[in-house]
Amino acid sequence: MRHLRDLPDEEIIIASGSEILELVVNATMGDDHPEPPTPFGTPSLHDLYDLEVDVPEDDPNEKAVNDLFSDAALLAAEEASSPSSDSDSSLHTPRHDRGEKEIPGLKWEKMDLRCYEECLPPSDDEDEQAIQNAASHGVQAVSESFALDCPPLPGHGCKSCEFHRINTGDKAVLCALCYMRAYNHCVYSPVSDADDETPTTESTLSPPEIGTSPSDNIVRPVPVRATGRRAAVECLDDLLQGGDEPLDLCTRKRPRH
């Protein structure tokens with residue numbers, strides 16, 4: 001056993017199991033056993049941040065650290081981590097390196113937390129006003145270049161027609177308004193003439209009257225009697241033109257009777 005190896009070099013007479021147990025207990029739990037290691041104490045806020053360095057008195061870094069971790073905050077942290085539970089004695093925390101200091105009385109004050117630093121100027125992509133101005137200029141340019149005019153002669157002096165001609169390259173193209181004004185007699189021609197109105201244009205009545213007989217050279221259809229056998233066809237559409245017999249699509253020849 002491991003514990004028996006630590007015993008002194010002497011003759012051991014094993015009489016019973018109780019003597020072996022007593023020897024093991026004396027070897028492991030005796031007065032000469034080493035003390036267990038104690039953990040390190042929790043470092044205080046002063047030990048972490050209050051570093052003694054040789055710096056000039058007007059060093060801005062030291063002033064910033066002192067303003068952030070004031071003596072009141074350090075003393076309050078030491079008081080919270082102190083093992084003493086007496087509140088009266090914890091108000092005075094003696095230290096060998098800083099002397100005896102008392103936590104000063106704290107009072108509220110109004111602080112301005114606004115940032116007055118000048119940031120970098122915004123870029124062109126982030127300038128919202130510039131984006132709005134560019135969009136308004138683009139809309140204004142489109143509205144000025146594309147407009148529905150109503151010139152006396154359709155297609156001449158019309159800004160909308162010029163816009164389409166520049167974009168398409170066709171010099172004869174017209175806008176929708178000029179096209180409807182130029183060809184309104186085709187778009188809005190009446191379907192039939194009214195009985196009580198006189199036609200304004202020299203044209204025949206619509207629809208025309210049917211009174212003439214057809215000429216003699218017109219080819220007339222001749223009726224043909226269908227035979228019992230189905231005639232040869234070129235496509236399936238010819239088979240669907242008539243007949244009561246079912247459609248036979250098989251390729252074998254039918255026997256002749």
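Glycine is treated like the rest: Cβ placed from N, Cα and C.
Feature annotations, courtesy of Swiss-Prot:
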type	residues	note
COMPBIAS	75-91	compositional bias 'Low complexity'
COMPBIAS	94-103	compositional bias 'Basic and acidic residues'
COMPBIAS	200-209	compositional bias 'Low complexity'
REGION	26-46	region 'Disordered'
REGION	43-51	region 'Interaction with RB1 in competition with E2F1'
REGION	75-103	region 'Disordered'
REGION	191-221	region 'Disordered'
MOTIF	113-117	motif 'LXCXE motif, interaction with host RB1 and TMEM173/STING'
MOTIF	252-257	motif 'Nuclear localization signal'
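Within the model, the motif 'Nuclear localization signal' (252-257) shows a mean pLDDT value of 64, rounded to a whole number. Remark: secondary structure over the motif 'LXCXE motif, interaction with host RB1 and TMEM173/STING' (113-117) totals 0 helix, 0 strand, 5 coil, with classes taken from DSSP.
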